[in-house]
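In what follows, a single structure is set out as structure tokens and then discussed.
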């Protein structure tokens, strides 16, 4: 497996593959890869001849008070996981390779970014759209793979690809969880042992909400109230949002009468975690 | 020559060409084609196996008080000119084909859009970047051709392509003029006979400014003052801007000590015309 640090390096390799008629899958990540990422890579390997994994902690999607500096990094471990999963190339650029000194172009999607994480993290999705747009242009994948854990991100990327007529199929993949239910996340490493235990309140709330919806509850308020009640019982937890929105326009919608996303963001101590379920 | 109204139609045709190993040139236009456009198409035909001309009066680059509705259109004449020039395909979509009802994604470039037309027309370049980005994704050209008459647009597109790592070479082509000097523009059709005469003040000012720079004048103020003096002698003319900027960052710079762009925008009656010269 190849590790590339430069845009021209990736472009040259992908061009060579395309010339041979090979299909390319892309898995964009911020590294510190876990089983969730691995499931994306394995799916991509199944569906494409060559798989590119990008490992890039993208500065433009972090707010000034967020965890850009402390975000965990371990390229060596990432390399091993990618190799095991069958990736052909890791693209691991420096920030200066992705953002020249006088970089001034951004891609932004409104509406679908107004609620949930877009509300709590104002510049977040502008950074996500911009870097993903760049990665699509660099790797020119036939398919790109995103986890449903970042459900709003998935909706935002789908909207960008549709609106800008981009030539890539976006594949959403299910959330991967620890055996006790906690959704896998690179940010889980921030948690102390007590916090790790407290963090189970997210998946517990998701499980209860999902069960209510699946057993026929149509009233969104009732579902959200019950989920909030569960989370509020955990002293280390502080709710950022607990919301029901249309899947995939991400408009607030408290009625289960079509595809919906129920998404939560909860601070456990200083660590902000997210979880969700989608009811198609 | 083929006329396509749909994105999927163009994508399918271009994909077929690429499969045959053919190169593709794109000439994005708003239609009502003149000799300036024709020179772009002919250049593209020389340098590529197949040339796509897009004819689309893009609503998102017009401000609310601008001439979107009255902008001249004549697809039949455009078809004849494209055919003569050797284009293979015209892409002439309806606005609804380019902008779905819940379209919410825009590409924007700051800095390089702050002065000149970007200052006079606040949302203009956001619309230009967005539609050109879409056209690049639809036609996936190897090369795209833009006239130097819209010099700032050329700089903005180059910045977007660089920043977003787009896979297209941007080719700038010289201004084409009427025999009396007036830069060719679809908007020249707005001019009454008296205004048409008055409009010559633009190219006269450009000619004088260019001669001053070429004969060694380094002081931008002197050049601009002389150009303003010339334009102010024409009673039907009202200056929007007369500026010297760095080529190609488009920062105000009144010293000829590197590549510069001298650009002017002048209202002749209600019609806003632009002209410029570039000193590399």
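Placement of Cβ uses the backbone N, Cα and C atoms for every residue, glycine included.
Residue environment of residue B:37 (active site, proton donor) contains 26 other Cβ atoms, counted within 10 Å of its Cβ in all protein chains. In three-state terms derived from DSSP, residue B:37 (active site, proton donor) belongs to a helical segment. If you look up TrEMBL, you'll see B:37 marked as active site, proton donor.
Look at TrEMBL and you will find B:30-37, B:147-150, B:176, B:184-187 tagged as ATP binding site. Its own atom aside, the Cβ of residue B:36 (ATP binding site) has 20 Cβ atoms within 10 angstroms in the protein chains shown.
The annotation (R)-pantoate binding site is assigned in TrEMBL to B:61, B:153. DSSP classifies residue B:153 ((R)-pantoate binding site) as helix under the three-state reduction. In sequence order, B:117, B:125, B:128, B:146 are the residues near residue B:153 ((R)-pantoate binding site), counting only same-chain partners six or more apart with C-beta under 8 A.
Residue B:61 ((R)-pantoate binding site) falls within a helical segment according to DSSP. Taking Cβ-Cβ distances under 8 Å and a sequence separation of 6 or more, the neighbours of residue B:61 ((R)-pantoate binding site) in its chain are B:123, B:124, B:125, B:126, B:127, B:128, B:131. The beta-alanine binding site feature in TrEMBL is assigned to B:61.
The two recorded residues residue B:30 (ATP binding site) and residue B:37 (active site, proton donor) have their Cα atoms spaced 10 Å from each other.
Cβ neighbours of residue B:33 (ATP binding site) (same chain, under 8 Å, six or more residues apart in sequence): B:53, B:55, B:77, B:78, B:81, B:82, B:186. In the three-state DSSP assignment, the secondary structure recorded for residue B:148 (ATP binding site) is helix. Residue B:148 (ATP binding site) is surrounded by 18 other CB atoms, counting those within 10 A of its CB over all protein chains shown. Shown in sequence order, B:34, B:35, B:36, B:39, B:147, B:149, B:183, B:184 are the residues of the chain, 6+ apart in sequence, with a C-beta less than 8 angstroms from the C-beta of residue B:176 (ATP binding site).
In the three-state DSSP classification, residue B:186 (ATP binding site) falls within a helix.
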